[in-house]
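Chemist: The structure under discussion is supplied below as structure tokens; questions concerning it will follow.
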Amino acid sequence: MQKFFGLNVTGKVDKETLDVMRQPRCGVPDVAWFSTMPGGSIWRTHNLTYRVVSYTPYLPRSAVDDVFEKAFQLWSDFSPLTFTKIFSGEADIMISFLRGDHGDNNPFDGPGDRLAHAFAPGPRLGGDAHFDVDETWTVEPWTEDYSRYNLLYAAAHEFGHSLGLGHSSDISSLMYPTYQLTSEVLLGEDDVNGIQSLYGEKQRPPINPSIRKTVIAPKVCDRDLTFNAVTTVRGEIMFFKDRFYIRPMNNYLEEEVNYISVFWSHLPSEIDAAYEFQEEDIVLFFKGSKYWVVQELNELAGYPKDIYSSFGFPRTVKKIDAAASDEYTGKTYFFVADQYWRYDERQRSMDEGYPKMIADDFPGIGDKIDAAFYKNGIFYFFHGTEQYNFNPKTKEVRVLRTNSWFNC
Ligand code: TQI
Ligand code: CA
Ligand code: ZN
Ligand code: ZN
């Protein structure tokens, strides 16, 4: 918790920690999550300069220059700020790669832990960004090697501090207190809110809005919330949306929203379907014609595999919309457009006579499904903002909102 809130990590409940703990935790969704640097200083000019004072010997200089230019561009795309590189003299943001104790009372510590830091806007050290030379910095977009850190991600984060932003509790934000590269480095919605609260909006937004992409974490109480997939994991429900999962919590706690890659680093984003097969304690994830299998936190080797050879789908099936498995009968239902297939987990083969029409056998749930799971004799289907709880024995249907699982 101390690390999260940017306090000294003492492990003790000191006054500062208590102050943070006493602050009301916000149960209200859609509030600002960002913070400013202590003191709240900002730059008085919108046209800033930067200079790369020293480089790391482990990367080509041109690659490092490209990364810093790109990191500044992420911020300038959404703000009136401009960044000009200079090659001599004092720039607003002086960037250096340094090692160990380097004279600012914030020593680096060899590989890991302290990676970089930056100072809030101001004269002299103000705005400056320091990177630990002893880290293995990479300019590759994404790596599974946790001893390597993406320089663009770190630069974008540190420059956020250089511009006056503190940490954000929005998981999709670059200003989140911990390093979490999952795919492309983009500002989160909350970073945009943060930078614009300090400097205002960009005067002339670019004509092509696609270059202003941001990451947005799903908001559980948004009435328009839809899901890509849902499954139980050891009986506990887990929803999937874009790069994120959502776990509903009990009445006291908030929902947990986090990157799918926190649990399973190899899974892709925008999963189409998922189901749990409790007998083998596995969960299967589908995207396009591929699927992955995980056993609790372990991703099993040899995946992805294709759904044609493993399940016997015809090649005309390009993706699965939803899947749900009945642990008592060992039957798994796959929903594809307006039809469904039934697969026998114990025989490991598709049952005869499928596909059938969804509308014939599941009346009242519509004929298209985004996500589904099966628990205690009930199918839970999700389509758009509607949820259908279907009892296969009585064919009774209860219609709820998709986000009825959350405390909204
Ligand atoms: N350095 C911390 C950070 O940049 C320094 C810090 C702690 C801090 N508390 C703060 C800065 C409060 C401003 C306000 O957050 S770190 C990265 C990187 C670090 C580095 O090395 O622990 C990230 C922490 F380099 F990847 F950007 C998180 Cl994301
Ligand atoms: Ca370090
Ligand atoms: Zn320093
Ligand atoms: Zn930080």
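Just so it is clear, glycine is given a Cβ too, placed from its N, Cα and C backbone atoms.
Caution: TrEMBL annotation is automatic and unverified by curators.
In case it's useful when we look at the structure, here is the feature table from TrEMBL:
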- 39-201: domain 'Peptidase metallopeptidase' (DOMAIN)
- Asp109, Gly110, Asp132, Glu135: Ca(2+) 3 binding site (BINDING)
- Glu158: active site (ACT_SITE)
- Cys221-Cys408: disulfide bond (DISULFID)
- Ala274, Ala323: Ca(2+) 5 binding site (BINDING)
Chemist: Closest to Cys221 (disulfide bond): which of the recorded positions Asp109, Gly110, Glu135, Glu158, Ala274, going by Cα position?
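Modeler: If we rank Asp109, Gly110, Glu135, Glu158, Ala274 by Cα distance to Cys221 (disulfide bond), first place goes to Ala274.
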Chemist: Whole-number answer please: how many Å between the C-alpha atoms of Glu158 (active site) and Glu135 (Ca(2+) 3 binding site)?
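Modeler: Between the alpha carbons of Glu158 (active site) and Glu135 (Ca(2+) 3 binding site) there are 15 Å.
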Chemist: Consider the recorded positions Asp132, Glu135, Cys408 and say which one has the Cα lying nearest the Cα of Ala274 (Ca(2+) 5 binding site).
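Modeler: So, of the listed recorded positions, the one sitting closest to Ala274 (Ca(2+) 5 binding site) is Cys408.
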Chemist: List the recorded positions Asp109, Asp132, Ala323, Cys408 whose Cβ sits under 6 Å from any atom of ligand 2, in sequence order.
Modeler: Asp109, Asp132
Chemist: What is the interatomic distance between the Cα atoms of Ala323 (Ca(2+) 5 binding site) and Gly110 (Ca(2+) 3 binding site), given in whole Å?
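Modeler: On Cα coordinates alone, these residues lie 47 Å apart.
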Chemist: Which number gives the other C-beta atoms within 10 angstroms of the C-beta of Asp109 (Ca(2+) 3 binding site), all protein chains shown included?
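Modeler: The answer is 13 other Cβ atoms.
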Chemist: Taking just the CA atoms, what is the gap between Glu135 (Ca(2+) 3 binding site) and Cys408 (disulfide bond) in Å?
Modeler: 43
Chemist: Do any residues at least six apart in sequence from Asp132 (Ca(2+) 3 binding site), in the same chain, have a Cβ closer than 8 Å to its Cβ, and if so which, in order?
Modeler: Phe97, Leu98, Arg99, Phe108, Asp109, Gly110, Arg114, Leu115, Ala116
Chemist: Taking each of the recorded positions Ala274, Cys408 in turn and counting other Cβ atoms within 10 Å of its Cβ, which one has the fewest?
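Modeler: Each of the recorded positions Ala274, Cys408 was scored by Cβ atoms within 10 Å; lowest is Cys408.
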Chemist: Could you tally the C-beta atoms, other than its own, that fall within 10 angstroms of the C-beta of Cys221 (disulfide bond)?
Modeler: 14
